[in-house]
Amino acid sequence: MFVFLLTLIMALVETMGVASIMPFIAVLSNPGVVESNQYLFAVYSYLNFEDRSEFLFFLGSATFLLLMFSILLRALTLWAQLRFMHLQNHSLGLRLVGGYLKQPYSWYLGRHTSKLSANILSEVGYVIQGAFFTAMVLVSNLFVAAFLLALLLVVDPVLAISMAVILCGVYLLVYVIARHYLARLGHERMVANQGRYRAVSEAFGGIKDIKIGGHEHEFLRRFKKPSLDMARRSISSMIISEFPSFAMQGLVFGGMIVVLLYLISVHGGVEGALPLIALYALAGYRLMPALQGIYRGITQLKVMMPATESLHSDLLEIQDSRRNYPVTDNISPITPLPLNSSIELRDVRFSYPGTDKLALDGVTMHIPAYSTIGLVGTTGSGKTTVVDIILGLIKPSSGSLLVDGCVINQNNVASWQKSVGYVPQTIFLADDTIAANIAFGIPAEKIDIDAVERAARMANLHDFVVHQLKYGYQTEIGERGVRLSGGQRQRIGIARALYHDPNVLIFDEATSALDNVTEHGVMEAIHSLARKKTIIIIAHRLSTVRQSDKIFVMDQGCVVGSGNYDELIESSPKFREMVVTIE
């Protein structure tokens, strides 16, 4: 509202500044007009002027001050618009990041993170500057043009209407011809920008494979095409936005000659027409940029429409998702849901979005507290889906997850997740200290270093950190932990899972990428936690689950066998096949 009012005041003052040139030029060209013009004479008498030259100086000073004041107001309006734009940029970016982070895990399964990154880091700024800021400038120019045309309409209706029809008609004609092309440019620019982010994300994410395979030119090519497409679309939209200004320069020059001749003929010579000539000259000086700004704003809004609609669609989706999956904004600590008796999956079925095929088909499992459980099966058998359901990341299509007989649902899933520690196959490590990576997601000033050391000891990491690293737990590990070995990264992952002292630990093929010696050391750290925690291990190598209390064998989304290692050797053909094939 403040920006709107400031824009309105600025347009009014600017119009007054333009209008003030008429009496000044009138008195300058014909001092006798002071007595013949009732309005000028009224001001002259009211202010007790005794000399026409003093009155002329007063009029000139008033015109100058009004014009300077309008310039200052224009600068103040621009500051207010820029401030509003950048704060909206911050606000919208924050809303998107917050909205994306609060989406359920299943929401991410059908989305490319490069598109989300492009929306937050590029499209938000592009839309705010190209749509919000453009709209504000458009409103400013509309006010200026409207007030100036109203002023000219009062002075000479026929001439003002003729000018408005011709000038506005030219801009309207160009826009009508180009509007469909502008919409297509906007869509193609948005797609190209997403392609740029995808290419960069994939290039730096797979840099080791790229360097080994010598694929630098291929990934450079993948970036080059969308980058060039975006540049070309941006150039085209800018040319269309600026094109009328070049055509209008010739039209305005010829038009001013026609206006000049018209005013001289109507007012009987240059002397009588001079005040109006000055008015039209100054009005044209401000009117042409205003009209060009209006046209530029409309074309930019057309180009921005696809990106604006995309962001608006995401915001609506976030809003709908929050209704379906309410997330509290309360930052007070969540009380963990303890595990005392058992975890149970009861007749669970699940299919991923976009497919009717069941990833899990009637899975039932009973996992006693403080036991060690193995999950084995070929790729695609449903092991990771089972773990994602136990983690509360996805909801069963039918059936239930129960903890101590209590169904896990939207109301208590956050409490349950506080009781679970998870170690994935690939550990994500931030470019930060070892302590910060173990206490992942905790502000630096709130990290409990005693809890960090306790978790590191349990993960058999403490001695390495203390005796082999110069700065101990404050050692920077580099992006994605490039300064650490695979085994050290896995131990940090285990320590991270243990930092909050959870009841349940889940290992999702956490040792599959390690050599035998390193795997043996990591498994020793895991088995040292037996009977202290409930442990669930998804196994790639069956040797890692040999000591498990119970092993579930999965195939095509079903449990096809269960028991300890020796029992399954006797009773499960599928397990025997896996032993022969894998071991």
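Yeah, the Cβs are placed from backbone N, Cα and C, and that goes for glycine too.
Since this is a predicted model, take the numbers as computed values, not measurements.
Residue ranges 243-264, 419-440 are listed, and TrEMBL annotates 243-264 among them as transmembrane segment. Mean pLDDT across the domain 'ABC transporter' (343-581) comes to 86 in this model. Remote same-chain residues near the transmembrane segment (124-152) are listed as 3-4, 7-8, 10-12, 14-15, 18-19, 77, 81-82, 84-86, 88-89, 92-93, 96, 159-160, 163-164, 193, 279-280, 283, 286-287, 289-291, 293-294, 296-298, 300-301, 303-304, 307-308, 311 (criterion: CB distance under 8 Å, separation of at least six residues from the stretch ends). Panel annotation: around the transmembrane segment (55-76), residues 6, 9-10, 13-14, 16-17, 20-21, 23-24, 27-28, 31, 34, 44, 47, 49 of the same chain, lying at least six beyond its termini, place a Cβ under 8 Å from a Cβ of the stretch.
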